[in-house]
Amino acid sequence: MVKWRNNMNINELKKEFIKIYGEGSMRNFFSPGRVNLIGEHIDYNGGHVFPCALNFGTLGCVRKRKDNKVNLASTNIPLKVSINLEDIKYEKKHGWGNYPKGVIKEIIDKGYKVGGMDILISGNIPNGSGLSSSASLELLIAIMINNIFNDGKLDKVELIKLSQKAENDFVGLNCGIMDQFAVAMGKKDMAILLDCNTLEYKYAPVDLGNYVITIMNTNKRRELSDSKYNERRLECEKALKLINKEKKINYLCELSLEEFESLKYLIKDNRVLNRATHVVYENERVKRAYYLLSKRNLKEFGKLLAESHFSLRDLYEVTGKELDAIVGEALNVSGCIGARMIGAGFGGCAIALVEKSKLDLFKKKVSNNYNKIIGYKPGFYTSEIGEGTYEI
């Protein structure tokens with residue numbers, strides 16, 4: 001489990017690197033975590049999402065080697081992994097190391113240059129929190145390889161796709177493209193309105209005025225592979241097949257609300273209908289959120305966050321008692337104008353939009369009430385909106 005630290009020091013990491021790998025020059029990189037403001041479980045349904053990069057994430061130091069060996073070490077986890085570039089395969093015992101291995105393999109398979117490296121990473125994104133520790137690590141490695149071996153000339157969107165492919169095909173976890181996109185393409189004080197179908201995107205300035213986005217960690221770990229994530233994807237595919245009897249589309253999110261309402265009679269299974277309803281309406285909420293933030297209408301934006309959570313709870317059924325408790329308690333506190341779960345669900349984190357002057361009281365009340373309901377306390381992190389992966 002990653003130990004939470006509010007600030008990572010690159011100089012400390014450099015010293016650790018020298019202890020492990022010896023004296024010499026090195027290059028240093030940072031890759032953020034991400035939070036999706038709204039638009040949950042629709043990235044794999046061709047929908048719009050609205051993520052931003054955080055100002056905490058994963059630091060990495062790297063040095064080129066003269067051979068084909070890659071050494072991976074972390075300050076967070078004792079496990080060290082060494083691989084040969086000519087023989088990269090998934091090995092369960094390599095744990096976290098499979099994420100960098102997957103990215104390296106995908107880049108090699110594309111015919112791009114990769115050489116031997118000594119790498120040390122240090123992250124402060126809690127594992128299983130839903131803040132994209134895996135995408136942060138994947139893009140850290142991808143941008144390292146781009147800058148060190150390819151003069152920074154590789155297309156960033158291609159690196160995003162290769163990182164997603166590494167997680168899907170090499171590690172074997174289903175994920176949409178949003179996490180990698182937000183981590184790589186984030187800009188300070190901007191959210192990204194991303195069409196996951198076409199990868200068209202535009203930036204929206206996020207001016208929260210007297211409010212702050214607070215991340216609330218239920219402290220219940222979320223395991224993607226153990227969750228019902230894959231089951232939900234299959235249910236959405238069922239809905240899509242049924243809709244396709246009348247209207248040929250590639251993704252549910254291609255439907256407008258009016259089109260969906262006129263075609264939903266094709267879906268007889270109530271559970272499958274609920275999943276599809278969430279997807280289509282959530283996609284509309286994202287577009288409205290973009291508009292509301294551009295007008296700085298924070299109160300209405302906050303209401304959309306709550307609507308999103310209730311839909312994820314009642315229609316998509318991916319919240320669970322911990323997320324429902326923390327969001328419910330947040331919405332009951334004066335000064336909070338919106339809250340919702342983020343990530344895949346079944347644990348992990350939620351976000352709340354809270355008045356800055358009431359933040360300390362908010363955290364105290366939510367923490368105490370959550371503890372009464374669940375039996376242990378949550379964690380709180382406040383982050384600014386930061387830059388995508390970069391070389392320091």
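In case you wondered, yes, glycine gets a Cβ from its N, Cα and C as well.
If you look up Swiss-Prot, you'll see R34 marked as site 'Transition state stabilizer', on the strength of sequence analysis. Sequence-distant contacts of R34 (site 'Transition state stabilizer'), defined as residues of its own chain at least six apart whose C-beta falls under 8 angstroms from its C-beta, comprise P51, C52, A53, L54, L131, S132, A135, S136, M178, D179, A182, V183, G186.
Spatially close to I42 (substrate binding site) yet at least six residues away along the chain are H48, V49, C196, C253, V279, E282, N283, V286, judged by Cβ distances under 8 angstroms. The substrate binding site annotation in Swiss-Prot covers E40, H41, I42, D43, Y229, and the record cites sequence analysis as its basis.
As annotated by Swiss-Prot, ATP binding site applies to S74, G128, S129, G130, L131, S132, S133, S134. G130 (ATP binding site) counts 30 other C-beta atoms within 10 Å of its own C-beta, drawing on all protein chains shown.
Counting Cβ atoms from all protein chains shown, S134 (ATP binding site) has 24 others lying within 10 Å of its own Cβ. The Mg(2+) binding site annotation in Swiss-Prot covers S134, E167, and the record cites sequence analysis as its basis.
The active site, proton acceptor annotation in Swiss-Prot covers D179. DSSP assigns D179 (active site, proton acceptor) to a helix.
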Note = For S134 (ATP binding site), the close binding-site residues (Cα within 10 Å) drawn from E40, H41, D43, Y229 turn out to be none
Task = Would you pick out, from the binding-site residues S74, S132, S133, the residue whose Cβ has the largest number of other Cβ atoms within 10 Å?
result = S132
Query = Around the substrate site recorded as E40, H41, I42, D43, Y229, what other same-chain residues have a C-beta within 8 angstroms of the site's C-beta center?
reply = G39, Y44, N45, G47, G176, R232, A344
Query = For D43 (substrate binding site), which residues of its chain lie six or more apart in sequence with Cβ-Cβ distance below 8 Å?
reply = V49, G176, I177, M178, C196
